[in-house]
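Trainee: One structure, pasted below without further comment.
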Amino acid sequence: MPRLIFLGPPGAGKGTQAERLAAIYHTPKISTGDLLRAEVKAQTPLGCQAKVYMDAGELVPDEVLIGMVKGQLQQSPEQGWILDGFPRTLAQAEALEELLQELGQDYDYVLNLEVPDEVVVARLLARGKEQGRSDDADRSVILKRLEVYRQQTAPLIDFYEAKGRLQRVNGNQPMESVQEHLQALLEGFRRTA
């Protein structure tokens with residue numbers, strides 16, 4: 001079963017593609033964004049704390065996310081997993097490497113969905129209207145999220161490229177085309193593994 005990490009700016013389609021691959025391969029999708037939004041919706045103490053960061057377009061503290069991810073990775077390791085929205089910083093990537101080593105797990109690919117900023121902004125504004133997500137409804141918050149992505153998440157591209165695990169994917173095309181590309185990539189990996 002595949003073990004994948006999705007990277008890319010907000011609005012690149014990571015969640016959509018992760019969900020599609022999870023359904024095809026019967027693999028759990030682990031989305032820190034979904035986990036955090038559930039906490040916010042339930043108005044738990046963690047959710048209220050996280051909402052402040054999310055509404056400002058900032059990242060939720062590492063220790064919160066790492067603990068959540070560890071719990072998810074331990075549930076059914078034989079089914080594989082697809083990480084969506086984690087890691088987002090070099091510190092998180094290094095912590096994930098340590099965590100996977102501790103759990104005796106590894107990942108197959110890091111899939112970086114590449115999408116131009118103007119497309120990201122348009123996608124997120126549309127999603128904000130459709131889904132009522134406060135972190136997607138305000139252009140200034142979206143621009144802040146892109147700035148945070150460039151500063152904190154984009155360095156992961158070099159980190160994973162140096163490990164020979166990064167696959168760049170054009171996310172600025174129809175969803176079906178992106179999915180077909182990802183499936184072909186995974187099928188090629190399964191044949192050589």
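Here the Cβ of each residue, glycine as well, is placed from N, Cα and C on the backbone.
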Trainee: Looking at ATP binding as recorded in Swiss-Prot, which candidate out of ARG127, ARG139 goes with GLY11, ALA12, GLY13, LYS14, GLY15, THR16, GLN173?
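Mentor: As annotated by Swiss-Prot, GLY11, ALA12, GLY13, LYS14, GLY15, THR16, GLN173 share the ATP site with ARG127, chosen from ARG127, ARG139.
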Trainee: How many Å lie between the Cα of GLY11 (ATP binding site) and the Cα of ARG88 (AMP binding site)?
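Mentor: Answer for this pair: 14 Å between alpha carbons.
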Trainee: Which bits of the chain, at least 6 residues beyond where the region 'NMP' (31-60) starts or stops, bring a Cβ under 8 A of a Cβ in it?
Mentor: 15, 18, 68-69, 72, 84-86, 88-89, 134-135, 141-142, 144-145, 148, 152
Trainee: Do you know the mean pLDDT across the region 'LID' (126-136)?
Mentor: 71
